[in-house]
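Colleague: Pasting the feature list from TrEMBL:
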type	residues	note
ACT_SITE	69	active site, proton acceptor
DOMAIN	45-221	domain '3-deoxy-D-manno-octulosonic-acid transferase N-terminal'
SITE	140	site 'Transition state stabilizer'
SITE	218	site 'Transition state stabilizer'
TRANSMEM	6-27	transmembrane segment
């Protein structure tokens, strides 16, 4: 099956080559990224020196797909660094935003950060030969056949941690079980978030001995609680008065902003000082989100424009990465995006960590267990449309006690479910 996969991969690249080449050559930065992902760039000097002085000190390689997975990896990296003090730790990400966030978060804690190779035989072999890891830890997803089989060929154990298997993904994998079963059997261990995930992996033919229920490492994330002075500076940079209430919509996708703006237009009539901050999942969408706001009757500004023009607006669109957590700490009410459209939602634990009342749409399938716990505890409310958003936000803005109680319940859920990193670490230590 690997042979067929590589034939199809080669055919796809050949057909798409006329489109791929102009994109690759567009900028110097993009050219370098492609060279890294082809495995043609050298490892950072620090790693090369460590390997030459300590040839038997093979690194721990941690990989995460994008921003969400990178953030999930943070508490695990911290504990790995503490447990394996004399061993190098290298980190890879697949997306540009994931790579940028990793550089911001991990530069002091890991020995190298690089782009994950394309799943081409030559690229995977090049990178595997350069890194020569003792173990590979993949966070949540981003599973590639050539990479996994190259690790198996080199007898390098690979662990999938914080794994989840939604009902939709399960049926997709089951449809091509002849291929995916072999793929999942490449993992030495699969650390899953829940018993339901464990059951689905077992039904795909993975032996129970290879599956360990560790819980969700997102609960173990540490959040830096910014001081009052820092929060005041952020509020001032947004030109938001201390008395103004903020509705933050985090990690929004196309199709959600129009619904949120519909609710906001009604809320503004009742609460004229209310500020809406939109944080698109992809910051490159910021300008198009501003245009959507204009169509809805609002003049919105990006954070960059706000800093330049210093003109107060009712809608602010965040056009940079790395600010969402701090904005959750600043806001009065948090909406978690990717949930009003069929995107599975995003991590609701971020606002929960700051004791914020949380609302999200009907599709939280990627965070089903967490969202169910938050709703059951009273820390969150599920909304369906602009009408229900208006109703709950209006209620929370009017009733400060209810908003405070919801935030407290959300924090209790966040605080009561820690411990997944320790269990995951035990699995890693057993294999190491």
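Just so you know, glycine gets a Cβ as well, placed from its N, Cα and C.
Mind mapping these onto the model and telling me what they sit next to?
Modeller: DSSP assigns residue 69 (active site, proton acceptor) to a helical segment in the three-state reduction. Sequence-distant neighbours of residue 69 (active site, proton acceptor) (same chain, six or more apart, CB under 8 Å from its CB) are 98, 139, 140, 141, 142, listed in sequence order.
The secondary structure of residue 140 (site 'Transition state stabilizer'), as reduced to three states from DSSP, is coil rather than helix or strand. Using a 10 Å radius centred on the Cβ of residue 140 (site 'Transition state stabilizer') and all shown protein chains, the other Cβ atoms total 23.
With a cut-off of 8 Å between CB atoms and residues at least 6 apart in sequence, the same chain places 71, 72, 162, 347, 349, 370 near residue 218 (site 'Transition state stabilizer'), listed in sequence order.
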